[in-house]
Amino acid sequence: MGLSSVEAIDAKEMDYRSLSSSEHQQPPYMHKVGVPPKQNLFDEFKTTVKETLFSDDPLRPFKDQPRSRKFILGLQAVFPILDWGKSYNVSKFRGDVIAGLTIASLCIPQDIGYAKLANLAPQYGLYSSFVPPLVYAFMGSSRDIAIGPVAVVSLLLGSLLSSEIDPTTNPIEYRRLAFTATFFAGITQVTLGILRLGFLIDFLSHAAIVGFMGGAAITIALQQLKGFLGIKKFTKETDIISVMKSVCRSAQHGWNWPTILIGAIFLTLLLFAKYAGKKNKKLFWIPAIAPLFSVILSTFLVYITHAEKQGVEIVRHIEKGINPPSVKEIYFTGDYLLKGLRIGIVAGMIALTEAVAIGRSFAAKKDYQLDGNKEMVALGTMNVVGSMTSCYVTTGSFSRSAVNYMAGCQTAVSNIVMSIVVVLTLLFITPLFEYTPNAILSAIIISAVIGLVDYEATILIWKIDKFDFVACMGAFFGVVFASVEIGLIIAVSISFAKILLQVTRPRTALLGKIPRTNVYRNIQQYPEATRVPGVLIVRVDSAIYFSNSNYMRERILRWLTDEDEQLESINQPKIQFLIVDMSPVTDIDTSGIHAFEELHRSLHKREVQLVLSNPGRVVIDKLHASDFMSQIGEDKIFLTVGDAVLTCSAKSPAEVV
């Protein structure tokens, strides 16, 4: 009985071994590359347009809704305040009032200074913090952005406008051109939002923006030396060499020491307040109210000491009253129409880039979504309305938005509170600014723009990407040593150059097998990866278009030539199979397919077989539509590199066609 049990066990083991042996001899299962169902031209075009312009599916909330509900949703889409206003309460209002009062104390002195930066009268800065924030509060989707004039856009606008019209000799025409540029800046922003072309602003890289902002901050600070030192005759150029020459030439007789004393004392006070706010987040209100406190104190000191008689330049007169209409001042015809359009497009794009970047930053901190296209429509509308109410280009201010966030703002109502404070200032308080020294405005602007020089981001850019660092420094030095326009052109040019370089010169890599796995990876990243005898595996890390197809073909052939020379030097057989891993290849055009046909012919002359691995849906569809599949054969296309290597390694050299 026991013997029969042992025999039965031995028989089972023999059957198992024979079964395992037979399974081992069978070829492994290889799944074929799937060919997607043919999509008609209309469906393909519709899908492309949807993914390009409507990737966020903005019409989803309207699906299966009654007509009345769709109308309400449409109003809420245009005016988000109708949506979040339903849940507004006293607690949120308390936070918004505190935040609004805090940013108002910061914006009033800044607005006066930024208006001078744009070569406009001080009241136009205050006008620009009244109407645009009100419009944005109803149409904007950000809870944290504080709207108003900003230093970089003010400098850019002042520089571009003054190159067309002298603000001193022709102040009225200069002001009209400023309103015209603001109008077209708004039209540009609204158009980008309605056509859902917001992705265009992403072509200006982060590195270029960091460099441009840093250079603009240096330029703005240098421009303030006129008011800080009390210089009367000052260069109109913005580059550092011209400014420093002007400062040095006026050193003996042009500097005013009482002005320097006022500027130095209050600049030190402002920088100390900013340092205190950074060290202790609970003291955020100190740097927020410091500018207004400095203006009040310096104005009082000048008034009681009559320092203006000692050569201290003062603001003198700020026109009282709210924004007068300016529709009739906008150039809709004539030579200045095109000039206003050109300046407006540039200023509008820069303003849009800054606002969207700020909005996204604070939205990420509070974990809510920001609709970029809605933001563009809101920002554009407020600038269009602003141009008709004596305002110049406004956008989201980083310094004010940071204060708004730290002050506990809950919604865009904080902008409404700020606007009310500004309009009360215009109606009742502007005469009190008559004795405000220009030196304190210069000190406020200098302290505000110092934060735009982000040296930590520059160091990080250097560590991560050297080409990005070149873009950053190119924009920075272009602004500092040439002009704002040149710096902007350099920033855009280098950003586009990087895109073109990446498109025309895609990365390729040689792959090897990771030990004890069936995974194939870049041999430079994994030096322990082993090469397969007689097989060269190349991966193309980009879509293949007309712009890079020739480079791709030539680069693969160079890989093959180098590998053959290396094998020949050690008396090893040459490469018999070239496997191209197409996993990263997202698309291919006719030029790309033509390049593969030429590659196939070149390899055929060298007696090397071309094999493809894992082409994507779009790529395999186009390969089937062309004649290329019949040239290399469908049996030369595999799902994985491992399948391709296993098949190629099993073939003898005689089987290579």
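Just so you know, the numbers here start at 1 and follow the chain as drawn.
Keep in mind that glycine also has a Cβ here, set from the backbone N, Cα and C atoms.
A TrEMBL annotation is a machine prediction, not a hand-curated record.
Proximity of distant same-chain residues to the transmembrane segment (145-165), defined by a Cβ-Cβ separation under 8 Å and at least 6 residues beyond the stretch ends, is recorded for 103, 107, 110-111, 114-115, 117-120, 125, 128-129, 132-133, 136, 173-174, 177-178, 181, 212-213, 216-217, 219-220, 223, 236, 238, 336, 339, 343, 346-347, 350-351, 354-355, 358-359, 362, 382, 392-398, 400-401, 403-404, 412, 414-415, 418, 445, 448-449, 452, 483-485, 488. Residues annotated as transmembrane segment in TrEMBL: 145-165 (among others).
Sequence-distant contacts of the transmembrane segment (177-197) (same chain, six or more residues past either end, CB-CB distance under 8 Å): 53-54, 118, 120, 124, 157, 160-161, 164-165, 326, 329-331, 336-337, 339-341, 343-345, 347-349, 351-352, 373-388, 390-393. Sequence annotations record features per position, and here TrEMBL assigns transmembrane segment to 177-197 (among others).
Sequence-distant neighbours of the transmembrane segment (203-222) (same chain, 6+ residues past either end, Cβ-Cβ under 8 Å): 117, 151-152, 155-156, 238-240, 243-244, 349, 353, 357, 445-446, 449-455, 457-458, 461, 465, 468-469, 471-480, 484, 487-488, 491-492, 494-496, 498-499. Annotation comment: TrEMBL describes 203-222 (among others) as transmembrane segment.
When Cβ-Cβ distances below 8 Å are used as the criterion, the transmembrane segment (254-277) is approached by residues 227-233, 283-288, 290-291, 294, 297-298, 301-302, 307, 310-313, 437-440, 442-444, 446-447, 450-451 of the same chain, each at least six residues removed from its ends. According to TrEMBL, the feature transmembrane segment maps to 254-277 (among others).
The annotation transmembrane segment is assigned in TrEMBL to 283-304 (among others). Same-chain neighbours of the transmembrane segment (283-304): 102-103, 105-106, 108-110, 262, 266, 269-270, 273-274, 276-277, 312, 314, 403, 406-407, 432-433, 435-437, 439-441, 443-444, 447-448, counting only residues six or more beyond its ends whose CB sits under 8 Å from a CB of the stretch.
Taking Cβ pairs closer than 8 Å, the transmembrane segment (412-433) reaches residues 81, 88, 92-93, 96-97, 99-101, 103-104, 107-108, 111-112, 122-123, 126-127, 129-131, 133-134, 136-138, 140, 142-143, 145-148, 295, 299, 315, 318-322, 404 in its own chain, all 6 or more past its ends. Residues or ranges marked as transmembrane segment by TrEMBL: 412-433 (among others).
The annotation transmembrane segment is assigned in TrEMBL to 439-462 (among others). Under 8 Å from some Cβ of the transmembrane segment (439-462) lie the Cβ atoms of residues 109-110, 112-114, 116-117, 151-152, 207, 210-211, 213-214, 216-218, 220-221, 224-228, 230, 259-260, 262-263, 266-267, 270-271, 274, 291, 294-295, 298-299, 312-313, 315, 398-399, 468-469, 472, all in the same chain and six or more residues away from its ends.
For the transmembrane segment (469-497), the residues of the chain that approach it from at least six positions outside its boundaries are 155-156, 159-160, 203-205, 207-212, 214-216, 218-219, 237-241, 346, 350, 458, 461-462, judged by C-beta separation under 8 angstroms. The transmembrane segment annotation in TrEMBL covers 469-497 (among others).
The domain 'STAS' annotation in TrEMBL covers 525-648. Across the domain 'STAS' (525-648), DSSP helix (H, G, I), strand (E, B) and coil residues number 62 helix, 21 strand, 41 coil.
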